[in-house]
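Here's what Swiss-Prot has on this protein:
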BINDING   HIS78, HIS173  heme b b562 binding site
BINDING   HIS92, HIS187  heme b b566 binding site
BINDING   HIS192  ubiquinone binding site
TRANSMEM  28-48  transmembrane segment
TRANSMEM  72-94  transmembrane segment
TRANSMEM  107-127  transmembrane segment
TRANSMEM  169-189  transmembrane segment
TRANSMEM  214-234  transmembrane segment
TRANSMEM  274-294  transmembrane segment
TRANSMEM  317-337  transmembrane segment
TRANSMEM  340-360  transmembrane segment
Amino acid sequence: MNFYSINLVKAHLINYPCPLNINFLWNYGFLLGIIFFIQIITGVFLASRYTPDVSYAYYSIQHILRELWSGWCFRYMHATGASLVFLLTYLHILRGLNYSYMYLPLSWISGLILFMIFIVTAFVGYVLPWGQMSYWGATVITNLLSSIPVAVIWICGGYTVSDPTIKRFFVLHFILPFIGLCIVFIHIFFLHLHGSTNPLGYDTALKIPFYPNLLSLDVKGFNNVIILFLIQSLFGIIPLSHPDNAIVVNTYVTPSQIVPEWYFLPFYAMLKTVPSKPAGLVIVLLSLQLLFLLAEQRSLTTIIQFKMIFGARDYSVPIIWFMCAFYALLWIGCQLPQDIFILYGRLFIVLFFCSGLFVLVHYRRTHYDYSSQANI
């Protein structure tokens, strides 16, 4: 068993063959794994002092911040790590879109399942501080499920967000990261099963071992990210949390503007700009399903240079519009629900789906095998 474990580590962490021309865009997976591990460690320490009760949840957070030794550090590292996880996840997905990573369907789908686990974990975790924004944000999101029979009662443990809700959310927030950790190993298994991609997209026998060549590149990226992570955690350069969430819950007073965390803003913009609650929920689910459908494409060649020569515009232009629509929805999500922003939000929702569907529908023409024309 010991020899098997040693050989497994050597095969996947030391001698794993990687393309020679991998650049810094391939660091996001390694960085995500490190930050996700930090999230689990800090979360376990915070959970040991947290009280999942509506009468004590807010005050247990204040106890961690004000009375425990370095409790404030663990709390802000955990909050900053959540933002960093989603930032790296979005960059990882966009890199996959740009370099046609969806042509490895097992790796792509397992990564998207992990992304869904991140979304659910972050949402239930946002409710746990039991501040004004946490309570009213959970109320708004759970009310979207009111069109589904008994869904709100099953999730919240009642007709509204209350004490059973925070207990259930705490259990989910504690368990889901460990489920996500299992999905991480599955994702790595499928990645190593097919082999890593590279910026040019061609399969070559010229490969180098992961250690020490590419590990040094990952460590260099980790040094840059950990500096930003510590600066944000210790000094709070960018205000990531809403001030209303530092106020204890008052069920009779609604905040002037209910805004989720920044990484939920694109989905919140879809919910806010659509007048019908069921329709908004369906659009959010379809936006996630669109990413899964991209794995149904089959490319005869993924060589980026040949695509750029013979047919890249049909692929790169809708991908660029897809990214622009996502960033525009992120900005619209934090704006007031005025008519102009609602109009822009609907336009960018249409652009988001049209650009994604264009890639799906035209993949046969866009990714025609031009290898014979390139004499390879």
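Placement of Cβ uses the backbone N, Cα and C atoms for every residue, glycine included.
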Check: For HIS173 (heme b b562 binding site) and the residue listed as 'ubiquinone binding site', what Cα-Cα distance in Å is obtained after rounding to a whole number?
Finding: 29
Notebook entry, point to check: Near the transmembrane segment (274-294), which same-chain residues lie under 8 Å Cβ to Cβ, leaving out any that are not at least 6 residues past its ends?
Noted result: 93, 97, 102, 108-109, 112, 116, 143-147, 267, 346, 349, 352-353, 356-357, 359-360
Next item on the list: Just name the winner among HIS92, HIS173, HIS192 (the binding-site residues) by count of other CB atoms within 10 A of its CB.
Entry: HIS173
Next item on the list: With a Cβ cut-off under 8 Å, give me the same-chain residues at least six positions beyond the ends of the transmembrane segment (28-48) that come close to it.
Entry: 64, 74-75, 77-78, 81-82, 84-85, 88-89, 91-92, 95, 170, 173-174, 177-178, 180-181, 184, 191, 218, 221-222, 225, 229
Notebook entry, point to check: Same chain, outside the transmembrane segment (214-234) by at least 6, Cβ under 8 Å from its Cβ: which residues?
Noted result: 18, 22, 24, 26-27, 30-31, 34-35, 73, 76-77, 80-81, 84, 88, 208, 240
Item checked: Cβ atoms near HIS187 (heme b b566 binding site) (within 10 Å, other residues, all chains) -> 23
Notebook entry, point to check: Which three-state DSSP class does HIS92 (heme b b566 binding site) fall into?
Noted result: helix
Notebook entry, point to check: Do any residues of this chain, six or more beyond the ends of the transmembrane segment (340-360), have a C-beta under 8 angstroms from a C-beta of it, and if so which?
Noted result: 269-270, 272-274, 283, 286-287, 290, 293-294, 296-297, 315, 318-319, 321-322, 324-326, 328-329, 332, 366
Margin query: Under DSSP, is HIS192 (ubiquinone binding site) part of a helix or a strand, or is it coil?
Written below: helix
Margin query: Tell me the Cα distance separating HIS192 (ubiquinone binding site) from HIS78 (heme b b562 binding site), rounded to the nearest angstrom.
Written below: 30
Checklist line | Around the Cβ of HIS78 (heme b b562 binding site), the count of other Cβ atoms that are within 10 Å | finding: 19
Check: Just the number: how many Å between the Cα atoms of HIS92 (heme b b566 binding site) and HIS192 (ubiquinone binding site)?
Finding: 17
